């Protein structure tokens, strides 16, 4: 099953636990039936539910008050992380990386190794900037050796330049993705920046590739903070899922209410249209009980009424006030038909009705 759908389902179940009254809504009737068919018990509906049902008609007539959405909580509101030891990021220009496409000769490899040894000596003497410069010289001579970038990254960490260290580690991992030292120094650089989750990931991977006490000690420091951030994020993901479900249910409810309202309006229009035709059997004014010249047999029962009312020309004529007034006049006194012999609209309707019933006007 789709993991997103499972997440939404979990959020929906939590929502129902928090508010069991949701299970008594009309749109969740199918869920109640299923739970009960499986032997489950639905908590009783809140007392307000029956009251809501009895006052449903009145509520429908009143305009709905807009639902006030709760003020959004800040995602940082309840997240407190100890950021001791976190420093401002370094914004120096990117360091030299060497040409990775250069063809390295044996002589260049030897020279790079000499520069590396000089850099290590400078590092042991505490001359960090000299060590960086020498490692840079070695990298330019042999830009495809991952350990050189990792070594320079370690010096950048000591110089409190975590972004530079991360750039070196990224290049080293591109060359050799299985170097534990590279992940260790990148993890330490992320720790300096307060990137707790990234730091925990890199330090854990470093220990997995090649256990290191220094990396393990720092992992124990950063992991609780990384877990706290992850739990905080999951909490707000759950809130967002619950909010999405509530909004979806509200949209379904509004759509259903709108559909029902449209049906009621349509029914009211049909009833109003039928009422225009008075007491004539099936809807024509005045009853018109078989009194037209020629008899129009069967009018009292109007066996062909449905056919008549489905004729668009008849319906159009019925909407004409002049025609309906004449029709009412003739219905009350058939002798008055002579008054309308020269009115084509009236005579057209009478002719059509006579044809429907098999008689002549």
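The backbone N, Cα and C atoms fix where each Cβ goes, and this holds for glycine too.
Swiss-Prot assigns the feature region 'Disordered' to residues 39-98, out of the candidate ranges 39-98, 99-158.
Range annotated as region 'Disordered' by Swiss-Prot, chosen from 215-253, 254-292: 254-292. In the predicted model, the repeat 'TPR 2' (147-179) has a mean pLDDT of 96.
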